[in-house]
Amino acid sequence: MIAEAGLAALWLATGFALVQVLLAWGAAKGADQAGGPMVMAALRRVAIVQGLLALAAFLLLVTLFVQSDMSVLLVVENSHSMKPLIYKIAGAWGNHEGSMLLWVTVLAISGAGVALFEKRLPRGTLAATLGAQAAIAIGFYAFLAFASNPFVRVSPPPLDGQGLNPLLQDPGLAFHPPTLYLGYVGLSVAFSFAVGALLMRDVGPAFARAMRPWVLAAWIFLTIGITAGSYWAYYELGWGGWWFWDPVENASLMPWLAATALLHSVSVLATRDGLRAWTVMLAVVAFSMSMIGTFLVRSGILISVHAFAVDPTRGGFILALLGLYIGGALALFGARIGTVKQGATFELVSREGALVLNNLLLSVILGVVFIGTLYPLVAQAAGVQLSIGAPFFEKAAVPVGLALVAATAAGPLLKWRRDQWNALFGKLLVPVGVAGIAFALVFALGGAQWLPALVLGLAAGLAVASVLPLIRRNLRRTPLHLYGMAVAHLGIAVSIAGMAADGAFKVERLAAIAVGQNVSVGPYRVELLGVRPAVGPNWSALEAHLKATRIGSAPFDLFPQQRFFANPPTNTNEAAIATELDGQLYTVIGQGDGEGRWQIRAWWKPFVTLIWAGGAMIALGGLLSLIGRVRRERRDAEEAA
Amino acid sequence: MKPKHQRLVLVLLALGAILGASALAMSALRDQAAFFYAPGDVKGKPLPLDRHVRLGGMVEKGSIRRAADGVSIRFAVTDGQAVVPVAFRGVTPDLFKEGSGVVAEGRFQPDGSFVADNILAKHDERYMPPQAAGNMHETKTLAQ
């Protein structure tokens, strides 16, 4: 019954979405007429009910997984009654159909959120926004119903399920996809706002102020999702890397880059009424990147840990939706952009100028990642097989990224509208001095490697520059969003410092050793004390007992494992990681050679944790900024009332 | 600056950014794209020595030799038409074994052998590098 109820909820939600589009059309047309407020109130309620229905369908699917209902095909294929509860729940979205249902649920809930909370936007624009949001939802409901129905039954039901890919059986997985989806699909709101504002010829500061909290919120979730995903790949895959430029990782990076640009340009539009057309364009691009990411991951065109299924009809369906929505939005942009009036102007040397530079550099990085991710697919279609990996992205994106870091340091020190070069140089004196000293120190002590020295120098400079806007201010009266900016920019400095330190100074050792022997890696001596079997709820393992000793501190034990899962039959490597203040010791056990020796792979990764600490700071900065903005909007609204 | 001029400057900057991104990407692509080869592709042809490539096929039966240090191995990759000897130092994937599909990343050597810095193998029932999946089909039909 539950499966049927879920499907019914999905169809009902589709029906409500259709009604929502029609009501929105009516409300937008007759926004100023007598019945306008009533139609508007009805529209809001329909949007909220649509969101609740989608949520109900999703919760019903989770219930099926929790109950291990083996009469449902999706449960059979992706779950097993012996799985721990948390992975039964996570299994609901650890597969194609379930994750698409989560996707569309977030889309509908975001629309409901707009209907609930958006009070200040002109009625017509809000109606058009809700209509656009429902129009997107309809396409993806149709995709679920016709190409990816999660509620299909099997008859007769098998005795038990096939289990979940063991790589995905990790606490990180429970939260990674939902977080990422909140960000991905949260950007749909920005897209719908842009479409709504274009339709109603209402592109201006009010529209930007309405859009900003949504962009911020989506961006915070994307940041958390990417940071958590990177850490998950780092400890779960056992390869010691934290970013693989895997197409699926890029699929999450591209919306983040576009959202970061949008976040900055929307501020220019909200506070200075500049960059109108550009901001609308970015809002369209950001969600387009989310949809392209969905297409890449869900069409089966890529085969990786993330891609669950290969089914050409699904790819075609998503591609058609993609063409419809992106093409439609771009056509609307082309048709209406002439009606968007020129906003306020500014001098080249100004905060706005710096933000334009930020946007351009982010766009270049986005372009590079986009080309690197899609080129192999295009080449494959042309009959050439090639792959594009880290060397490409590092060569093409790192120089632009470094320029962006420098711009990030300088931008917040500039005044709005116009500033002087001399004033900027004066303010940059201290950060540049710090950067120079850091560069010289790292260059001298770190074996004369200029790139890591440059990155660490820039990081030090940015760290200083990012707190400068707070200096000589009354800290209690400083608006929260300024703290947010400082924390986020400091987070970038922290994160790239971790990347550079790990990239340049990590030490890797690989050796086959017998019990009683040791390898040294970085400041540690790692001794193999024994190898023994271990068991978990649904796996058995070979576990190495390692003792790590470092001069001047107490030795500690590490237990890396090679796990064997029975359902489905798979091996995984569980790295054992020890976190110290100055880095991490990362150990993995490989194969035995049958003569008493075991492959032990160990890394010393200095300051690697800064990468994710920085990511968390960036997200925290976003959160502070969001709280500050929402509070101020509320206060302004009260004052206006 | 007049509004009209400002808009023009912004548009030009945006165009410049797009061109810059493409130019950067293209120059990096020329150097860094790793092309995929099967052993038969390089038989009797000049080897691509100057670049990082992927070599895919099956691990030939009886070809895996483990070195005394316990971490270096040699094996041969075949696609039914030709055989390429491969040297690798590192931990091989769990499902790396004789007679199953493999993709080695690395460089060809002037003597026709291949030095791998990374080995991708069929990971589980569902995961397989796309090129290996495609190539395995060919290899299977060739073997029959």
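The backbone N, Cα and C atoms fix where each Cβ goes, glycine too.
Not measured: the values here are computed from a predicted model.
Features of the protein shown, as given by TrEMBL:
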type     : residues  : note
DOMAIN   : A:93-299  : domain 'Cytochrome c assembly protein'
DOMAIN   : A:319-629 : domain 'Cytochrome c-type biogenesis protein CcmF C-terminal'
TRANSMEM : A:6-25    : transmembrane segment
TRANSMEM : A:46-66   : transmembrane segment
TRANSMEM : A:100-117 : transmembrane segment
TRANSMEM : A:124-147 : transmembrane segment
TRANSMEM : A:181-201 : transmembrane segment
TRANSMEM : A:253-270 : transmembrane segment
TRANSMEM : A:317-335 : transmembrane segment
TRANSMEM : A:356-377 : transmembrane segment
TRANSMEM : A:397-416 : transmembrane segment
TRANSMEM : A:451-470 : transmembrane segment
TRANSMEM : A:482-501 : transmembrane segment
TRANSMEM : A:607-627 : transmembrane segment
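No contact links the transmembrane segment (A:124-147) to the transmembrane segment (A:253-270), because fewer than 3 Cβ pairs that are 6 or more residues apart lie under 8 A.
Beyond its flanks by at least six residues, the transmembrane segment (A:100-117) meets 10, 13, 17, 20, 43-45, 47-48, 50-55, 57-58, 61, 92-93, 126, 129-130, 133-134, 136-137, 140-141, 143-144, 148, 150, 177-178, 181-182, 184-186, 188-189, 192, 214, 294, 298 of its own chain at Cβ-Cβ distances under 8 Å. Under 8 Å from some Cβ of the transmembrane segment (A:46-66) lie the Cβ atoms of residues 2-3, 5-7, 9-10, 12-13, 16-17, 19-20, 23, 72, 74-75, 78-79, 85, 88-89, 91-92, 98, 101-102, 104-105, 107-116, 130, 133-134, 137, 150-151, all in the same chain and six or more residues away from its ends. Restricting the average to the domain 'Cytochrome c assembly protein' (A:93-299) gives a pLDDT of 89.
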